[in-house]
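Some features that TrEMBL has for this protein:
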BINDING   A:30-37, A:147-150, A:V176, A:184-187  ATP binding site
ACT_SITE  A:H37  active site, proton donor
BINDING   A:Q61, A:Q153  (R)-pantoate binding site
BINDING   A:Q61  beta-alanine binding site
Number of protein chains: 2
Amino acid sequence: MEVITDRVEMNRIVKNHKYKAKTIGFVPTMGFLHEGHLSLVKKAKQDNDITIMSIFVNPTQFGPNEDFETYPRDFERDRRLAENAGVNYLFAPSVDEMYPNEMGNQLSVMKRTNVLCGKSREGHFDGVITVLSKLFHIVIPDKAYFGKKDAQQIAVVEGLVHDYFFPIEIVAVETVREKDGLAKSSRNVYLSVDERREAPALYKSLELAKNVILNGEKSPAKIREKIKEYIQKNTSGIIDYIEIYSYPALEPIANIHGKVIIALAVKFSKARLIDNIIMELEQ
Amino acid sequence: MEVITDRVEMNRIVKNHKYKAKTIGFVPTMGFLHEGHLSLVKKAKQDNDITIMSIFVNPTQFGPNEDFETYPRDFERDRRLAENAGVNYLFAPSVDEMYPNEMGNQLSVMKRTNVLCGKSREGHFDGVITVLSKLFHIVIPDKAYFGKKDAQQIAVVEGLVHDYFFPIEIVAVETVREKDGLAKSSRNVYLSVDERREAPALYKSLELAKNVILNGEKSPAKIREKIKEYIQKNTSGIIDYIEIYSYPALEPIANIHGKVIIALAVKFSKARLIDNIIMELEQ
């Protein structure tokens, strides 16, 4: 595995592979890798000749009061994990390399941004699509891999690719979970022992909601109430949101039908965790 | 020459050439071709294995009171001219093909937009960079060719490519002029006989300004005044703007120094014409 920090060199390497008709799979990450990321690499390796992972904690997708400074980082560990997983190139640019100058053009998400994490994290998805546009032009992937845990991110990125005709296929990969159901996340390390014990309640509340729906409940409000009760009873976390929307449009629905996402975010003392399930009901 | 109207097919063709290590030169146009466009094709053919021209009158770069509906179009003539010039693929999509859905993301120019054509044509450059982002992803050129007549457009497009790391080199080609100095433009056909006789005064006024500067005049205000007098004396047109800025930053300057653009736009009865010269003075 080669570690590349220069965007021009990364782009030159990719172009050389393209000239040899090699396909490129891309796994963009913010590092502090876990099995979720490695499952994306596994899929990318199955589908493509060359697998490139990026590690870049992107400042423009963090708000002023968020955890950019304290976001967990361990490059040596990440390098080892990426190499063992079979990544061919690890692209790890500096902030200056990705944002060399004040930008004169702005990319903004107009749809799907006023809900879920977009509501509580203002500007977050503008930062996500800005950095992904840059990364997509450097890495020129045929396919890019994202975890379903970040379901809103996948919807937003698919919107970006669709709007601007990026010649890239977005591949959504199942959320990897701990044995007790907690979704793998780089931020899980910031849970206290007690919080870690409580955290599986997030996914359990979503499974509970799923059963309630399968038993015929159609009211989003009632389902949200049940999730809320379960989380408040079983955790010390503070609920940021519990929402139910159509998917991937992320629009409000009066009653449960078609493809829906049930998503939540809960703040613990040092970590804000998110999780979701997507269900497709018969019309 | 092959005419392509489907963006997916165009993209597939390009990728096949890329897999054979062919380089792609791209000439984006709005059609109604003149020698200016053909000089871009000539340069593209010199530099690349494959030359692609697009013809697309982009609605999003026209304002509500502008000439989108009446912009001159003659596809059969353009097809013949492009083929004779040696274009390999002519990409001519419909509006629906380029804007299949309401967009969920917005690309906006934040710099260089409040001057020159950006001031009198609100949203114009947002439309330009939106359609070019789409076209660049479809055609995936190594180099893209633009005429220096649209100097602000070149500065804006270079800003876009630079901000988002499009792996594309922007090539600026000299303005092609009629024998009497009038810059070639698709809109020249809308000049009346009298206006056509007057129109060379635009370039003559810029040459006059150049001489005044070379003779030591440093005041942008005074130079603009001289241009204004010349145009008012020699044409029936209404001046939209006469401006002098640093180039390519397009920022106001207190006195003439370094690299500057002198640019103007003049409205005739049915056509608004633009022209400019760029000068580099010793510091």
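Any Cβ shown, glycine's included, is placed from N, Cα and C.
Positions of TrEMBL features highlighted on the structure.
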{"residue": "A:M30", "record": "ATP binding site", "CB count, 10 Å": "19"}
{"residue": "A:L33", "record": "ATP binding site", "CB count, 10 Å": "25"}
{"residue": "A:G36", "record": "ATP binding site", "CB count, 10 Å": "21"}
{"residue": "A:H37", "record": "active site, proton donor", "CB count, 10 Å": "28"}
{"residue": "A:Q61", "record": "(R)-pantoate binding site", "CB count, 10 Å": "21"}
{"residue": "A:K148", "record": "ATP binding site", "CB count, 10 Å": "18"}
{"residue": "A:Q153", "record": "(R)-pantoate binding site", "CB count, 10 Å": "23"}
{"residue": "A:V176", "record": "ATP binding site", "CB count, 10 Å": "18"}
{"residue": "A:S186", "record": "ATP binding site", "CB count, 10 Å": "20"}
Open item on the list: In the three-state scheme derived from DSSP, which category covers A:K148 (ATP binding site)?
Closed with: helix
Open item on the list: I need the CA-to-CA distance for A:G36 (ATP binding site) versus A:Q153 ((R)-pantoate binding site), whole Å please.
Closed with: 15
- [ ] Please name which of the recorded positions listed here, A:H37, A:Q61, A:Q153, is nearest in space to A:V176 (ATP binding site), Cα against Cα.
- [x] A:H37
- [ ] Quick one: pull the CA-CA distance for A:M30 (ATP binding site) versus A:H37 (active site, proton donor), whole Å only.
- [x] 10
Task: Separation of alpha carbons, the residue listed as 'active site, proton donor' and A:S186 (ATP binding site) (Å) - done: 10
